[in-house]
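**Q** Please find one structure pasted underneath; my questions will follow.
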Amino acid sequence: MNHTTRPTFRAGAARHRASRHTLLAPGALGATLLLAACAPGGATETDGEGGDGAAASALPASAPEEVTPGGALRFAVGSDQGCVDPQQVGSNDTIYSIRHLVDSLTDQDPETGEIVPWLAESWEVNDDASAYTFHLQEGATFSDGTPVDAEAVKTNLDRATDIGARGALIKGYLDGYAGTTVEDDRTFTVEFDRPNAQFLQATSTHTLGLLSPESAAQSDDERCASVVGSGPFTLENYEPNSSITLAKREGYDWGSSLWQHTGEAYLDTLEFSVVPESGVRSGSLQSGQVDVIGNIAPQDEEPLKAADAQLLARANPGIPFGLYVNHDNEVLSDPAVTEAIALAINREEIVETVYTTYNVPATSVLASTTPLYADQSEHLRFDPVAAEAALTEAGYAKGEDGVYAKDGQRASFDILWFNNAATNAPTLELIQQQLASVGIEVTLTEGQVADWAATVAEGNFDANWGNITRADADILRGSFHTGLANSYRLEPSDLDDVLEAQAGAADPAERAELAARAQAQIVTERHVVPVVELTTVLGVGPTVQGVAFDAGSRVQLYDAWIER
Amino acid sequence: MARYVLLRLGLAVAVLWAAYTVSFVVLYLLPGDPVAAMASGGMEGAPVGAEELAALRAQYGFDDPFLVQYGTRLWSALHGDLGASVQSGQAVTAAIAQALPSTVQLAASALVLSVLIGGGLALVATYTSVGWVRQFLLALPPVAVSLPTFWVGLVLVQWFSFTFGLFPAMGDQGWRSVVLPAVTLAVPIGALIAQVLATCLQDALREPYVVTARAKGIGRIAIHARHALRNASLPVLTVLGLVIGNLIAGSVVVETVFSRSGVGRLTVSSVSFQDLPVVQGVVVLGATVFVLTNLLVDLVLPLADPRVAVGRSYS
């Protein structure tokens, strides 16, 4: 493999460093903060210097000029998962920091989706994607001094299979794990008892980031408090619900082939603080108290641009936000109803009304940044007339209350949703209106995020609003294969075969074709009605350079530096 | 006296047990459980199967019958073991010990501030002979009590941190980061103190002993500070229990707005994560603080007012 492509998701050059104080008219800002909640977009349209942040995320990378290494980067996130073990953490806010503690065997190019070398120089996959032989690069060590060798990888993978409830993600990646054979210090083979084509991409995730053997051997709980990896930064201090501080690893020189420079990271320390209030995060960035913030609310967009901040955006790969249909539900098991729902949702209107200017409507059951994404927008158009026609053709008639019904059964269902994104409530209220206007009645029920796994596993819902982040098409199998959890109660069909064949296809072209077939089938059979892609938007201070997104739309700060 | 103290201690233990039991029952009756919360993670990843969840519940003992779970946990709690957080695996006592100093610092600063500001306001308002000043000052506490703490915090952050850059907007390093949160938390509590003290001072100043003192030629200031204040401060001592409750409740909001770690934030995160052992620990902590404060007030009251005789009603 020849890797000439380098990542292109970089912060644009800040051309202009305005005095922060001149930008902060006290009254105006105070009013903005207070009114923001009730009047999104009410701020004046000042698409000034900061506006180029968006375009910058797509600009081709140029070699950084006059990098000034050193210093501390202060990063404000909204929450803390209570755990710093990469193998157990699933929440983006925590991944932003702990991703830097560990290296992975491979990395994934955010542009092409291609898997490229990191700790592993090269690898071979057998014909049915059930055995992977990796060759490690030389010289890498964990920060406790032990070498990153084949034995250490084996320790990590063997240990991962008995991680407790927090490790659902890693267990999914290692589905069918049969063992690891160490051939020599730098060569080992990972074997599965069935095809597992997604494993290669999984090795590029933070979840399969490698811990030192001693760290890996600790209990799940001990690892939540502290871990030792081989990454470009080490964990200096972790205070639950408050802060995660990372220090540069001295002597680091085994970075991903995607990164812009080699050797140690530019920044001395990364200070992640937990700032739950989005208004406080954005105000802190504008007043220079922090350098980068996560989770930008739509109403913060304009004030941040006005304060010269760079806004970096990238759609999260995986399954976009949408309505997952429970096939056990009598109303929704009628294909005419789900067809009408899919046609009656006006995705453009939703994106314009509720989301930042960086969000895009869903065009498939995979987000557009997912490798092997295939455009299905022809099946996801807005056509309210066709929606009503679909219902009428299937024998539904409009009742006195304006809702369609057939044999006494009204076209009415409930959407179960969770407050894991501030945009969920307004989106669903809009969907409720849009569906009501074609004669479909929707009620909304809010569940607790902590109950999500149990509620979905037990099937106590009509339709479920959600999304999944994962930069591999195999995520479809986890949700729609009837042989797995089958939380959406699908009937076994040839979709199972397609999903399974995709999971076992070692040939990329063949796998792409199968993944496209699966997407078309899931979209046209309306197992899920995709609506809008989740987009990660970061606010980056004017003097911060080199902030990059990885393939999972999480932040990579190895190449980041602060202008002085 | 000894008998009185023993009785109060016995009552305190009963209150703690009741708080523990009620919170356990309530949390147990809620839908969902910590294992599901762990498996939900950040709602990332494909859903977990029902059998897998059941197996995990068994592993953590969350499928045991109610009484078994209650008995085991209460027994451990009696031995000082409140269990471990399901979110982080940290011992609950350790998690609380880690969060407590920051909250104590915040609450103590807020308490001092509110006594100074609230007390001062009440003294000035009742001392001044200028009618409109008095009316204005007496109108402040009801306004301050009705301001939402959340809003006060955001306004203070906006002005004193983002605009003028005088204090940091977040974190808990150094005295500067305590100022804004303490002021925010002191606003409603200071108002409460001002309201109670002003009313009592006004009443006290109408008492015959004040007339006598004045007739003896004692100065206005001395009457106000020595005679009236001493009598008027007794009801303030009694509302201290209420004030402590307000401090704990207020810390939930203030710690969120000012991104401070502490018991308030611990409560928010453990409630949203359904981290039952931690929620229980926080409830027990709150009950303990409450019980201790009231015990302390009851014991201090006789020192401030010789008319209150401890133990008389019990003997």
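Every residue, even glycine, has its Cβ placed from backbone N, Cα and C.
For reference, TrEMBL lists these features for the protein:
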| type | residues | note |
| --- | --- | --- |
| DOMAIN | B:100-301 | domain 'ABC transmembrane type-1' |
| TRANSMEM | B:7-30 | transmembrane segment |
| TRANSMEM | B:106-124 | transmembrane segment |
| TRANSMEM | B:136-160 | transmembrane segment |
| TRANSMEM | B:180-201 | transmembrane segment |
| TRANSMEM | B:236-258 | transmembrane segment |
| TRANSMEM | B:278-297 | transmembrane segment |
**Q** State the residues, same chain only, that lie 6 or more residues beyond the ends of the transmembrane segment (B:180-201) and have a CB under 8 A from a CB inside it; answer 'none' if no residue qualifies.
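**A** Same-chain contacts beyond the flanks: 106-107, 109-111, 113-115, 117-119, 121-123, 125-126, 138, 140-145, 147, 149, 152-153, 156-157, 160-161, 167, 169, 224, 228-229, 231-236, 239, 242-243, 246-247, 250-251, 254-255, 257-258, 260.
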**Q** Of the listed stretches B:7-30, B:106-124, B:136-160, B:236-258, which one has the most C-beta pairs under 8 A with the transmembrane segment (B:278-297)?
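**A** Stretch with maximum Cβ contacts: B:7-30.
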**Q** Cβ under 8 Å, sequence separation of at least 6 from the ends of the transmembrane segment (B:236-258): give me the contacting residues as numbers and ranges.
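**A** 103, 106-107, 110-111, 114, 149-150, 153-154, 157, 169-170, 177, 180-181, 184-185, 188-189, 192-193, 196-197, 200, 264-265, 267-268, 286, 289-290, 293-294, 297, 300-301, 304.
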**Q** For the transmembrane segment (B:106-124), find every same-chain residue at least 6 residues outside the stretch whose CB is under 8 Å from a CB in it, and list them.
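**A** Contacts with the transmembrane segment (B:106-124): 137, 140-141, 172, 178, 181-183, 185-187, 189-195, 197-198, 201, 224-225, 229, 243-244, 247-248, 250-251, 254-255, 260, 262.
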